[in-house]
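These notes are about the structure you will find just below.
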Amino acid sequence: MNGDPKANVSGWLRDYLDAGAAVENVSAAASSRVPGVEPEPEPELVVNPWDIVLCTSGTLISCENAIVVLIILHNPSLRAPMFLLIGSLALADLLAGVGLIVNFAFAYLLQSEATRLVTIGLIVASFSASVCSLLAITVDRYLSLYYALTYHSERTVTFTYVMLVMLWGTSICLGLLPILGWNCLRDESTCSVVRPLTKNNTAVLSISFLFMFALMLQLYIQICKIVMRHAHQIALQHHFLATSHYVTTRRGVSTLALILGTFAACWMPFTLYSLIADYTYPTIYTYATLLPATYNSIINPVIYAFRNQEIQKALCLICCGCIPSSLSQRTRSPSDV
């Protein structure tokens, strides 16, 4: 009934060894949770170099445009419609730079759907306001030349405020679309090259950009014609030589070509790419086309603000407390468009 004694001893010995192994396993598991015992190293956070470049670009954009905003706010004399629009452009680019910085910080420090939607909404709204401000500046320059006699009136100031309200209202609405539900977080198949924007969202933005670029091109062609006609009239009135008229006209055309060429070179690659591509395309193409678009916000202060004579005077007053004689004696020519 008791069986073989050797078999019983072997069974007890096997049970004892199994119990000892189980105790060792439990002890090892417990020791992994005891303070002082080093856990296994966690995987290191890998930062995308393209994100670093975008964050650096955003920092430069913010600093550069903050200077323009502070100059306009600091000088009560810079309240003409032209300076209001330049200030709107600088503010939009400033917010775009802040959006790029915040997007980088949230992407690696605070990852959540809410932060992604808020940051992408800020970036869309700010860049939309930047492009719309460029169009508003083009309209203002056309009106200042075409209606030169009545441009400096209350009607122009009112029209400028209406343009500002419309462009910022439209831009804010475009930025709110992803937050209000027009995003691809629930259906990845509808994503565009910029998550979490949908393909339809980027298509609307791209087509709107192409429309505004075509309108700017048409307005600048008309501005070029007016500048050439004004330069010719001034040359006749003051008996200037034909070469002087040619030089003045060429400067005006070169300035307009610089403005439109820079705008198209910065934004056209990303606009066309976002129309034909979707989320399945390699992200490196998105970075490579989006980065030049951010450069437009770096170049804008140079073209529209720091080339302006009044802003140059205000900057000199802030920095050194005086106005150089070269600025005080300079007169505006028809090529300064």
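The backbone N, Cα and C atoms fix where each Cβ goes, glycine too.
The shown structure was predicted, so the numbers you read here are calculated from the model rather than taken from an experiment.
According to TrEMBL, the protein carries these features:
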- 64-304: domain 'G-protein coupled receptors family 1 profile' (DOMAIN)
- 50-73: transmembrane segment (TRANSMEM)
- 85-110: transmembrane segment (TRANSMEM)
- 116-137: transmembrane segment (TRANSMEM)
- 158-182: transmembrane segment (TRANSMEM)
- 202-221: transmembrane segment (TRANSMEM)
- 253-272: transmembrane segment (TRANSMEM)
- 284-306: transmembrane segment (TRANSMEM)
At an 8 Å Cβ cut-off, counting only pairs 6 or more apart in sequence, do the transmembrane segment (158-182) and the transmembrane segment (85-110) clear the bar of 3 or more pairs? yes
Look at every Cβ pair spanning the transmembrane segment (284-306) and the transmembrane segment (116-137), keep those 6 or more apart in sequence, and say whether at least 3 of them are under 8 Å. yes
Residues of the same chain, at least six outside the transmembrane segment (85-110), with any C-beta under 8 angstroms of its C-beta? 45, 47, 51-52, 54-55, 57-66, 68-69, 72-73, 78, 116, 119-120, 122-123, 125-127, 129-130, 132-134, 136-137, 140, 160, 163-164, 167-168, 171, 294, 297, 300-301, 304-305, 308, 311
Mean pLDDT for the domain 'G-protein coupled receptors family 1 profile' (64-304), as a whole number? 87
So which of 50-73, 116-137, 253-272 has the most C-beta pairs under 8 Å when paired with the transmembrane segment (202-221)? 253-272
